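Before any comments, here is the structure.
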Amino acid sequence: MPADTAVPAGAAARPAAPQSPLAEFWSSFTENRGAVFGMVILVLIALTAVFADLIAPYSPIEQFRDFTKLPPVWDDGGNWRFPLGTDALGRDTLSRLIHGARISLFIGLSVMVVSVVIGVCLGLVAAFAGGTVDSVIMRVMDLIIAVPSLVLCILVVAVLGPSLPNTIWAVTIVYLPRYVRLVRASALSEIGKDYVTAARVVGAGRLRLMFVTVLPNCIAPLIVQAALGVSDAILEAAALGFLGLGAQPPTPEWGSMLADSREFIRSDPWIVTLPGLAILITVVSINLMGDGLRDALDPKLKRS
Amino acid sequence: MIKYFLRRLALTLPTFVALMFVTFVMIRLVPGDPVEVRTGERGIAPERLAQLRHEMGLDQPIWKQFVDYVVGLLHGDFGTSLVTSEKVLTEFSVLFPATIELSLCAMLFAVLIGVPAGVIAAVKRGGPFDHGVMGASVIGFSMPIFWWGLLLIMLVSERWGLTPVSGRLDPIKFYFDSVTGFMLIDSILSGQEGAFLDAVQHLILPTIVLGTIPLAVIARITRSSMLEVLSEDYVRTARAKGLSPFRVIGLHALRNAMIPVVTSIGLQIGTLLAGAVLTETIFSWPGVGKWLIESIARRDYPALQGGIMLISSIVIMVNLLVDVMYGAINPRLRHAR
């Protein structure tokens, strides 16, 4: 998570604290047990994703034709060779879930990074330029918000064609307005302050004012939004995968695994249950951590 | 007040124009020729092709096509489906009541459970009920609802046999003409015994699935807004006057605590419609969400274009209405930027 790099900047906006900013952040973050729990789970999932090739017993696309639709080991007829069972084509569910973690986290992080970068630039430009530029940018964002998120994703995918990179683009476009609005609003509230005027008088250029003077003071809410944005992006991408508009087979994406297994809900409930559970656990852990970040970084937003 | 309304309305105009432009450009960017979709892949005589292109206005210069499209929209013409050759608006208005019925039920479900849960959690802050509500709301908020739907079908419909798996009504037992498009009302009007109960049974699971995320959001917002209000001076005064806790919470606090909750309901219209796409697909609910997905599968781009135009317009108008209602309730907002 980008938290470590940005914490000093977020904390610098507050009056000098006796603790170092990082220590202060950490102590208020760890106060929230849910957030720590979420972080631990998330780290485990991230490690699984990074070392997927080492951990997974099989290749996610290898088909064992003699072992199709095996239940997990704790169910009747389970086989220790395939601890979580196999799907209709005889692929090992555990291996597919492990590799799916890589894909889902990759989607979530890419969407977050791309939309934060573009969102920060557009938001700062809107705030600093004002006038027509501001209006045009904000009206485009209004337009994106007006279309229900999934419908807009579907529209973008319909134009670009279904694939993993296009899923990322579609979800990025949908989530862009939040970042633009957030950055613009916090930049506008900073622009009038004395330190910005001082920097301007000293002769700081526009780019310096935007990215060096103002941006660090807008960063705390941005981190919170970005963390929650990762979980939303994972959900949205899984929904697209479920509708057959996301990653294409045989990619072991959790949403498309669910779509493949839909016809088996009567006969083999496990094939349907496990990928969804993986999505749920990942998203819950990110949201728990995001809540902790919010409480620690942004006292104004603190939910009592 | 009227001035405020007009100003807000004027602000949405550029959004509408941009929406028209985007939906127009989109249909031209989509791979595949609309004429080909209609004629199939075997191909037809070039003269017939030219004739079809002419009929669909595709031989006109691009700016003329756009003008025609906008003029059509302003006359309420949202295009014609390539597959059924029906007007998009006609198809949409047949299906839309099903989506509204589902969305309203989901919202009602979310409010009826979410508000009391949030209030009790706030009053019993820090207790087991509070922890339970907060935990459940994180899970609900994070729920992949397409999976949630499948899970419920698996348990409730398949294993326990309590509810039907799909659709709005049992087509074998009941048949009647649609009067209002709302199955709950139509089934009563039909006078057929058991029809209403059947309609309700069909609604239960889709309502829960679509209502889950709003429920989590509403419970959370109610709780935090209630906590804030409970620490206000006027609540303390009401308590000091010796009013019963029920009056203090139910009358004095709840009324003010509901303001953010009502806002969040207004803001969730878009989320609800997006969720409806998934919910309708899972439960074969014949609404606009399922229809949109099918339009993609059938490469029926005019239907997709018109459908998106219609849905987005509705969302814009609802948001405008919510905004204006706020202006009416809270005069401070009228003069804000």
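From the backbone N, Cα and C atoms, a Cβ is placed for every residue, glycine too.
Note: TrEMBL annotation is automatic and uncurated.
The domain 'ABC transmembrane type-1' annotation in TrEMBL covers B:96-326. Annotation comment: TrEMBL describes B:9-30, B:94-121, B:133-156, B:199-219, B:257-283, B:303-329 as transmembrane segment.
Sequence-distant contacts of the transmembrane segment (B:257-283) (same chain, at least 6 residues past either end, Cβ-Cβ under 8 Å): 98-99, 102-103, 106-107, 111, 115, 118-119, 145-146, 149-150, 153, 165-167, 205-206, 209-210, 213-214, 217-218, 221-222, 225-226, 228-229, 289-290, 292-293, 311, 314-315, 318-319, 321-322, 325-326, 329. Residues 129-130, 133-134, 168, 178, 180-184, 203, 206-208, 210-211, 214-223, 225-226, 249, 254, 257-258, 261, 265, 268, 272-273, 275-276, 279-280, 285-289, 291 of the same chain, all 6+ positions outside the transmembrane segment (B:94-121), place their C-beta atoms under 8 angstroms from a C-beta of that stretch. For the transmembrane segment (B:9-30), the residues of the chain that approach it from at least six positions outside its boundaries are 62, 65-66, 69-70, 73, 301-302, 304-305, 308-309, 312-313, 316, 320, judged by C-beta separation under 8 angstroms.
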